[in-house]
Amino acid sequence: MNTTVSNQTPHIRIFDTTLRDGEQSPGCSMTPQQKLVMARALDALGVDIIETGFPASSYSDREAVAMMGRELRRPTLAVLSRCLQADIEISARALEAAANPRLHVFLSTSPLHREHKLRMSREQVLESVHKHVTLARGYIDDIEFSAEDATRTEEDFLAEVTRVAIAAGATTINLPDTVGFTTPEEIRGMFSRLIASVEGAEKVIFSTHCHNDLGLAAANSLAAIEGGARQVECTINGIGERAGNCALEEITMALKVRGAFYNLDTAINTPRIVSTSQLLQRLVGMPVQRNKAVVGGNAFAHESGIHQHGMLRHRGTYEIMRPEDVGWESSQMVLGRHSGRAAVEQRLRALGYLLEEDEAKLVFEQFKALCEKQRVVTDADLQALMQDATVQEGYRLASMTISDVGSRANALVELSDPDGNRVAETAQGNGPVDALFGALASATGVKLELDSYQVHSVGIGADARGEASLSVRHDGVEYEGTGTSKDIIEASALAWLDVANRLLRQRERGVVAGKTAAVA
């Protein structure tokens, strides 16, 4: 490994610890086969180093590490080990099949950990670091040493620990913010001072590993990079102990979007980010929140009318990266009560509807009325609104009443005709739909022969509406109609009127069965 002038390189190594630190998140454990599936995705994503597990902790981890070692030949495969001889020996054996193995040893260094966890003095910690890094280097050339709880460690002692680890053969020095305690200014200064002052620092890569307990993991990782770190330890979706780790998708896209500021790059194939995120969500059953940066469902969604109008003019007004660059198909214009007319018309055009000014105004009024009843308006809802608008060009349903009369049903319908006059008719039938269609035929004077009739749901969850679809014949010609409503019977009436109004318009234009009618 060439580590000369390593902390001046413009390349940031991405060390993904989803399969080790991430898996320690409650409820996120994976089987060896699941780990292998996830590791393949991380390999395809372009991750430099994959931390595959903690072999000394379980047989399952040892099996998973061995499986990954036999299959994955490009990335460096790392395993975690305590500063214990038995751990290091187990870890080295687990990595025997790996093409590019790394042994990652760690020891706590903060006064709190030294006193209450390790019960060791400064001198004992230094001796252990030297002994176990030397032992690890005897098995594998690529050794990473982590000073656990580095950001709460006295800086003079942290410098001494770092010097000893480098002298013993460590090739990467990781300074973790184990409990998410530090701030960007503090961690930037810590890295900058240590890299400038520790003997041998120019021979190794300095790494940052930040937790998110105060929501600063990504910001602290960027600050560490500014201080000279050239490896970032992170996880997909930010999963990990407690509040999680720095999210790979956040740190990667921050460096890419702000490339002119940082002048640094990664090897991450960013269009694979979303699919990798979604794979992890399926494997561990832990969905990300909708407003999660980069991979959340709302990351590229816009509902505000002002924002939507800006996006329609130029997407850069409200997006700093392209959704396609991280694996989303496109931005989403979420239509809801905050949406403006421009966004509604744009979506209707995308669905194939070209509206005149008066039509657009009417549909937008109907859209706003629908938004008072449901939170999100889908494409199916818009198509239903267009259908309703078409119906309103002829006969309009004013009211209807369906009742049982013995074994038969009775329907009373009241319509507004094209001139605005009210027309009321009743009819009986073998069921509510049969009676309804009979009353509509009497009211409009249009006779339709029913061939097929179907109903199904459109929309999402509690906002779903019923859609009625029917196929009918008139003078031997087949027609299809649809209607939607919260009420299935009303949807059926609208579907029938859809056909009837179309026939009436054809008559007005002198068109019959698709041909121009002869004029006497």
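From the backbone N, Cα and C atoms, a Cβ is placed for every residue, glycine too.
Database features (Swiss-Prot):
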| type | residues | note |
| --- | --- | --- |
| DOMAIN | 12-274 | domain 'Pyruvate carboxyltransferase' |
| BINDING | Asp21, His209, His211, Asn245 | Mn(2+) binding site |
| REGION | 396-520 | region 'Regulatory domain' |
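Cβ proximity to the Mn(2+) site centre (mean Cβ of Asp21, His209, His211, Asn245, cutoff 8 Å) flags the following additional same-chain residues: Thr17, Pro176, Thr178, Cys210, Asn212, Ala217, Glu233, Cys234, Thr235, Gly240, Glu241, Gly244, Cys246. Mapped onto DSSP helix, strand and coil, the region 'Regulatory domain' (396-520) counts 38 helix, 60 strand, 27 coil. Listed binding-site residues: His209, Asn245. The one with the lowest count of other Cβ atoms within 10 Å of its Cβ is His209. According to DSSP, Asn245 (Mn(2+) binding site) sits within a strand segment.
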